[in-house]
Amino acid sequence: GDVFTSMVGLFIAQNTFNNIDEHLLHHSIMFLSFIILGYLLVINLLGIAMVFLCISLVSNAHRTLKSKGLNLFTFSIFTTISSFTNCGFIPTNENMLVFNKNPGLFLVIIPLVILGNTLFPTCLRFSIWVLGKCVNKVRDYCDYLLKNTKEIGFHHLVSTRCSFCLVGTAFGFVVIQVVLLFAMEWNSKSLKGLNPYEKTIGVLFQSVNTRQAGETVVNLPAMSTVILVVITVIMYLPPYTSFPFVNDEEEQHQQQKRKRKIAKKLLSQLAYISIFVMLICITERKSMKEDPLNFTPFNIVFEVISAYGNVGYTMGYNCKLRLKDGANCEDKWYGFVGKWSDAGKTILIVVMLFGRLKRYNMGWKFS
């Protein structure tokens, strides 16, 4: 994920400083790369241990793994790394749906998803601050890193104000989703068979994963249209999207200067996605005509936005919605794109690559 690649980038950057006047900057960046390495190892090792322990102590979860022929240790490693790097891959066909009665496992995975994605900059800054307070030998490096984020040029290391903005924005998006899910899905089919505690943790887990991780505990097609639209919008936003709750005069001036440029970039991003959607509609026009209940425009848009945001959510494919030849169709646990043509799949691959590069051509800040 971004944590690992950013660490590699810092190790490479160390060789670019040759001027003796840049001694502090050079050593500070080297120290930062080791902080990220430690962060990566500690979080993942703790996550593996917690997932292993959680499943070992819950007979129902352990039984589920055995029934699928999955090794507990392998599952713990795979799930922890996938959650932390926000891949969304789970070694079960049903994703996390088979563990919807094991809220303890969700409570372990939720921090992994957050620490490896939306709140990584905030946690990184907090880690540097703690080390600076506790270890005298590295205090100078920590102080330099905290006070010179722009000079460091590492986009994951942000100012204190930006850190609080990220926390507030991430918390706000989760609250919005939780409230909507409580209001519209509490008694729906998607949460059927769960007790209130399991529903609450499941809703929280689902809300956290929408930003990028893509792990799901509910059947997405069974959710209301309003919820699916909200999920689509949130998937579109990059992980470091933030509302500037506090603005000084200089920041306001800079925002005014960039206002038109950002608006143009925003429009261009939406235009690109619209083009991709139209191209896929062209490649899948035969399926849209013969199978209109599965190949709806919204399902295609949802799949494209999910790919662009590197989330991995899918509406799936329902054989019961076919208008003809339904008897020869078998429901399977794979994405909606599995029913697309090769041309449509190729376009979606391009969308995913385009989505991975969006931070290089788009500045996201709401003012």
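Glycine is no exception: its Cβ is also placed from the backbone N, Cα and C atoms.
Model, not experiment: these values are computed from the prediction.
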Feature transmembrane segment in TrEMBL, mapped to one of the ranges 70-92, 300-322: 70-92
Considering the transmembrane segment (104-131), which listed stretch of 29-58, 70-92, 217-237, 266-285, 340-357 counts the most C-beta pairs under 8 Å: 29-58
Residue numbers, six or more beyond the limits of the transmembrane segment (266-285), whose CB comes under 8 Å of its CB atoms: 236, 295, 297, 300-301, 304-305, 308, 340-341, 343-344, 347-348, 350-351, 354, 358, 361-362
Same-chain residues at least 6 beyond the ends of the transmembrane segment (217-237) whose Cβ lies under 8 Å from its Cβ atoms: 95-97, 99-100, 106, 173, 176-177, 180-181, 184-185, 188-191, 202, 205-206, 210-211, 273, 298, 301-302, 305-306, 308-309, 311, 313-316, 318, 364
